[in-house]
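Have a look at the structure below before the remarks.
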Amino acid sequence: MICCGGGDFRPRTVWLGHPEKREQRYPRNVINNQKYNFFTFLPGVLFNQFKYFFNLYFLLLACSQFVNELRLGALYTYWVPLGFVLIITIVREAVEEMRCFLRDKEVNSQIYSKLSTRGTVKVKSSGIQVGDLIIVEKVGLCIFRHCFPVLHPKGSCFLRTDQLDGETDWKLRLPVACTQRLPTAADLLQIRSFVYAEEPNIDIHNFIGTFTREDGDPPVNESLSIENTLWASTVIASGTVVGVVIYTGKELRSVMNTSNPRHKIGLFDLEVNCLTKILFGALVVVSLVMVALQHFAGRWYLQIFRFLLLFSNIVPISLRVNLDMGKMVFSWMIKKDSKIPGTVVRASTFPEQLGRISYLLTDKTGTLTQNEMVFRRLHLGTVAYGMDSMDEVQSHVFSAYTQPPQDLQASRGPGAPKVRKTISSRVHEAVKAIALVHNVTPVYESNGVTDQAEAEMHYEDTCRVYQASSPDEVSLVQWTESVGLTLVGRDQSSMQLRTPSGQILNFTILQIFPFTYESKRMGIIVRDESTGEITFYMKGADVMMAGIVQYNDWLEEECGNMAREGLRVLVVAKKSLTEEQYQDFEARYVQAKLSVHDRSLKVATVIESLEMEMELLCLTGVEDQLQADVRPTLEILRNAGIKVWMLTGDKLETATCTAKNAHLVTRNQDIHVFRPVTTRSEAHLELNAFRRKHDCALVISGDSLEVCLKYYEYEFMELACQSPAVVCCRCAPTQKAQIVRLLQERTGKLTCAVGDGGNDVSMIQEADCGVGVEGKAVFSSVFYFASVPLYQGFLIIGYSTIYTMFPVFSLVLDKDVKSEVAMLYPELYKDLLKGRPLSFKTFLIWVLISIYQGSIIMYGALLLFESEFVHIVAISFTSLILTELLMVALTVQTWHWLMIVAELLSLACYIASLVFLHEFIDVYFIATLSFVWKVTAITLVSCLPLYILKYLRRRFSPPSYSKLTS
């Protein structure tokens, strides 16, 4: 997405349904992910190519041939290979830009319904303006691309913001009370009203504004907060929403949280660029030496440039061609890999980066998990039920509601005598408590339109969906439905459950105490309408509930066992209240809520008076459903030496449980949960506490992370990089990108970011995501250091392309081990991280090999062909081609049939082209037996020692993978 460009953002007054009354210009509501436009495409592509020395080197060589004193041959000798490389690059960039354009066009062309004086009209997303009244209906899970306060839905609605902030819970959004009372949506156009909204900013958790109706008597003013808004890239759960557009285009929260995409270049390209500079420096030195040996005679400065041009083929342009073609093939292989079907390669410029990743940063929601919480365990202390024994729970629930009513009364009521409860009654009480203590609302839908009143009359199971602020709660209610006790209705004051026999149980909601991050628990007081019983139910984290429930000897141990399995554990308890007890509580509770001073403290104190000696009913264990093969994949990455960091917008508890469940944190590793810090001193103390721990995974929230990076950036990153795994929860999109950037700067390692939502775009854009040198021209020193080219015209082009390109290019098919072996022994990946194939040591070895082979070919030709030196071109060039083909064969680890075809094809191309190269080579001469055996001798002397050295090295110093392939 495009990012806001530091414009002058100001608060605004938006009149409902009248975009023409705007007081300032607003950006168009369009999405633009393209790097270039029509005018900047060609200059931009060329600049990005020639800003690196490797490409600029070949451009300067080609341009030098326009100077007569420096020309060594025909212009096409240099310009044809360079043009070929540029055409490939331009076509590749054009294809990727066109794909991006089509994706943007699809999004910008989405159709919406707009309220106008002519009724409801259709409008494209790109045509939406600030002030428009837009109707949004649930169509599957439709994602809209503009944001507005909710003004006129048919009641409250739920939405999900996981594409924006990574949170998977459903959030409640409320209408403006004034507009809610209007008879129809069309009446919004008949009133004089406007919204005053704050200036655009990146904060996705807050909103400040007011709604004003001027034609009211008296005028109406209402405050607007985050509860009245729908941001772009959020998902409406159900129903119809009418809203006024406040922000568009680059002023959207989702866009402002996205950074500008930078032009990326692979580490391999940077290394080749660096080695090219070193080679160029060597060429300058050699050219100076050659001119010095001529005693700087005549126009020696021109001779320096001519020698530079002569030696320029030491860095062949075929390398550029092979690199680009190899990247395209690697991208094609990724796309066609049967093990990752459906993969689309968006950028084919650096696929090799994937082989050198040190840090993998992943989102949680939708990447590691499937956005679905699944009920796994019900523990009653003496007995536990897993997924394979839920039929027993179902049987107990069924029997509880089919036995005579008097049997159930025995254990009811606060004054009833205490008797030992049967397993059936304990299971029933636990299931009933789980079905009641929550904030879940069942919604009934038909044909995509919510009709709550009609559907609830029949409680249609096929039309019912559950909506709540937490996926944990939905999973619990879905589980109670699966065992026979179904939540079929709920409003602000009542709740209805359906038993296995079809009976409807009615409960009045007397009080509800929502979950907060401070209390880590939620409670509800209900009255059973059939019996008049009042019961206080509560569920929460074990650390908070342990001091609330009656003494027991199994809670702590079983909570620890379930947590180690990666389950999110909730403790469920209840307390029966008499009418007098409840009336006393209600009086004190109402009085506390009316307090002006210390209201929160007084309310909490009154609630805590109930939270004593509660009866422990059960433990529940839920887990976030993982994507397929997440655990073995993380195990492979860990053994390969790749550290995995999880960056998520989800809650701390959910993120921690997922890290355990996915085995991101192994069973023998401790977890250090970074305490919330707000000041420098608190951050200092907590960092010191973490420093004292070893082999310990880190879990930290976004707020605490911001404080640590503000005061102790270096110290925090040093400790975090030493940790085996890091989990950052409640992370904003900009924080994710910041973490990636800090990892790159502090470690110098390659990073790979994986995500599935709009909140991951900045992180993905910020992350990284992934030679042989040929020597010739010893000829100049033999011919009295004259700056005369040995190979001219098509020979230079042919050597850089058809004579050698296919075998070198076929090396992309080479494998040192099979893919199955690599997955079985991921430790082999650690060798790639060392970068040995392109280290300075490897580079120097290939330089020495090139000097040796160039010398053998040149001086071997002089030694064996004293009387036929005029045929030096045919002699040395043929030996050069054969040496090149044999050297490619020398580097192959695993032969592929296409490699053999490439070798034979290149040789055939050379032999066939001899018919057309009579200007450079005497065809009759090379057909003699003397030519054949002497060229063979030169080729063997240049290559045979290297083959012997390769055999000895493999025999006495085999690579790490050799034992696995033997």
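In case you wondered, yes, glycine gets a Cβ from its N, Cα and C as well.
These figures come from a predicted structure and were not determined experimentally.
Feature annotation from TrEMBL assigns active site, 4-aspartylphosphate intermediate to Asp363. Among the features that TrEMBL reports, ATP binding site is placed at Asp363, Lys364, Thr365, Glu473, Phe515, Lys539, Arg568, Thr648, Gly649, Asp650, Arg730, Lys736, Asn759, Asp760. Under the heading Mg(2+) binding site, TrEMBL lists Asp363, Thr365, Asp756, Asp760. What TrEMBL lists as transmembrane segment is 76-95, 230-250, 270-293, 300-319, 790-813, 843-863, 869-890, 897-917, 923-949.
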If you skip the near sequence neighbours and keep only those at least six away, which residues in the chain come within under 8 angstroms of Phe515 (ATP binding site), Cβ to Cβ? Asn439, Ser470, Arg521, Met522, Gly540
Of Arg568, Arg730, Asp760, which binding-site residues come within 10 Å of the residue listed as 'active site, 4-aspartylphosphate intermediate', going by C-alpha to C-alpha distance? Asp760
May I ask which of the binding-site residues Arg568, Gly649, Arg730 is closest to Asp760 (Mg(2+) binding site) if we compare their C-alpha atoms? Gly649
Determine the Cβ neighbour count for Arg730 (ATP binding site): the number of other Cβ atoms within 10 Å of its Cβ. 22
